[in-house]
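Colleague: When I checked Swiss-Prot for this same protein, it listed these features:
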type	residues	note
ACT_SITE	CYS137	active site, nucleophile
BINDING	ASN76, ASN134, PHE135, SER136, ASN201, THR202	substrate binding site
BINDING	CYS354, CYS378, CYS381, CYS384	[4Fe-4S] cluster 2 binding site
DOMAIN	335-367	domain '4Fe-4S ferredoxin-type 1'
DOMAIN	369-398	domain '4Fe-4S ferredoxin-type 2'
Amino acid sequence: MLTKDLSVTFCGVKFPNPFCLSSSPVGNCYEMCAKAYDTGWGGIVFKTIGFFIANEVSPRFDHLTKEDTGFIGFKNMEQIAEHPLEENLAAIRRLKQDYPDKVLIASIMGENEQQWQELARLVEEAGADMIECNFSCPQMTSHAMGSDVGQSPELVEKYCRAVKRGSSLPMLAKMTPNIGDMCEVALAAKRGGADGIATINTVKSITNIDLNRKIGMPVVNGKSSISGYSGKAVKPIALRFIQQLRMHPELRDFPISGIGGIETWEDAAEFLLLGAATLQVTTGIMQYGYRIVEDMASGLSHYLADQGFASLQEMIGLANGNIIPAEDLDRSYIVYPRINQEKCVGCGRCYISCYDGGHQAMEWDEHSRTPHCNTEKCVGCLLCGHVCPVACIDLGEVKFKKGEKEHALTL
């Protein structure tokens, strides 16, 4: 297995690799965190601790599927750590004693300035390397905490200042995606002394309704609630927020820990290319186990070698220059689909989708059960390629629109 140096320095702390557990059930106690370290994770954000002790519901999870796939989206109704504060602090102490070279980040959540300041002091005394301020849990809003705080720049700035009074450790502010402009809150966190941003937390959601009982899922004694949604389905949302943060002139160099739908090395590379420097994972671990880090580290190592990068740092943020406003995109040409008839299985998916959801440009030969593109009707949307189950449709002939001057293209 190829292994390159995947170490990265983030907010002044050196991580052996960028892969971390996010604050969640996967890092809830000493035993779980020790196993994660032994498996190869570079850092752990211990499940959020506070003076509030959670009393969890049962059941507390739901998921969303697509056809015959595993779940693509995951709903959880968990709150912060259910163990007493001293028990959590003892776990942090023991982890740092047993794994001094691994990074341990303490996630904290308070109800007021005094609690934020005291929690920061306590986790620094316990040996944590960094602090993550959880301003974004959707399940904690009724306790004057969680994502409601993360929607208020004033509260975020105030609580960041309180944490800085209690500790000298590097501090991250964890952002909620349940907001229109994350940059405004990130700037408030920066003013308050935050050293970086962690984003995104889960998206407020209702995943499913039991059609017979007319109750949201999961059902807790005949009721349900809105709560956090995670997994592969939220990755595009996370990438969008990270790109917007990175392109803000006052946040360009502000460190970001990326979270949201990371399961593979390709996912990891996408977050890095948009500007995240460390990566946090929960739902992928819940679905596949801690050992996914082995494939992610190996795949990322091969990618660095193939691309000629000497270090992980060299690739961070490289894709941002190619994300531009929609009105600035080149609209001078059409790309027609190219169909590999040898790979085509004659399922007709492209024909149906084009006829019912496109521009009726895909024609169907019933005798040979093969599709053909009518370029007189085709607008080059490439819907056909996206629905093809065997990937036999890709980019083909390019035609410049009437009156447009031909020029070099990157497709």
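Heads up, the Cβ atoms here are built off N, Cα and C, so glycines get one too.
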Colleague: Within 10 Å of the Cβ of CYS384 ([4Fe-4S] cluster 2 binding site), how many other Cβ atoms can be counted across all chains shown?
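Modeller: The Cβ of CYS384 ([4Fe-4S] cluster 2 binding site) has 23 Cβ neighbours within 10 Å.
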Colleague: Check the Cα-Cα distances from CYS137 (active site, nucleophile) to the binding-site residues ASN76, THR202, CYS381 and tell me which is shortest.
Modeller: THR202
Colleague: Relative to the Cα of CYS354 ([4Fe-4S] cluster 2 binding site), which of the binding-site residues ASN76, PHE135, SER136 has the closest Cα?
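Modeller: So, spelling it out, the nearest of the binding-site residues is ASN76.
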Colleague: What kind of secondary structure is ASN201 (substrate binding site) part of, going by DSSP in three states?
Modeller: coil
Colleague: Determine the mean pLDDT over the domain '4Fe-4S ferredoxin-type 1' (335-367), rounding to the nearest whole number.
Modeller: 97
Colleague: Counting only other Cβ atoms and using a 10 Å cut-off, which of the binding-site residues ASN76, ASN134, SER136, ASN201, THR202 scores lowest?
Modeller: ASN76
Colleague: What is the one among the recorded positions CYS137, CYS378, CYS381 whose Cβ has the most other Cβ atoms less than or equal to 10 Å away?
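Modeller: Per the Cβ count within 10 Å, the most buried is CYS137.
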Colleague: Taking each of the binding-site residues PHE135, CYS354 in turn and counting other Cβ atoms within 10 Å of its Cβ, which one has the fewest?
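Modeller: Each of the binding-site residues PHE135, CYS354 was scored by Cβ atoms within 10 Å; lowest is CYS354.
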Colleague: Whole number in angstrom, please: the longest C-alpha to C-alpha distance across ASN76, ASN134, PHE135, SER136, ASN201, THR202 for substrate.
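Modeller: Value for the max Cα separation, rounded to a whole number: 17 Å.
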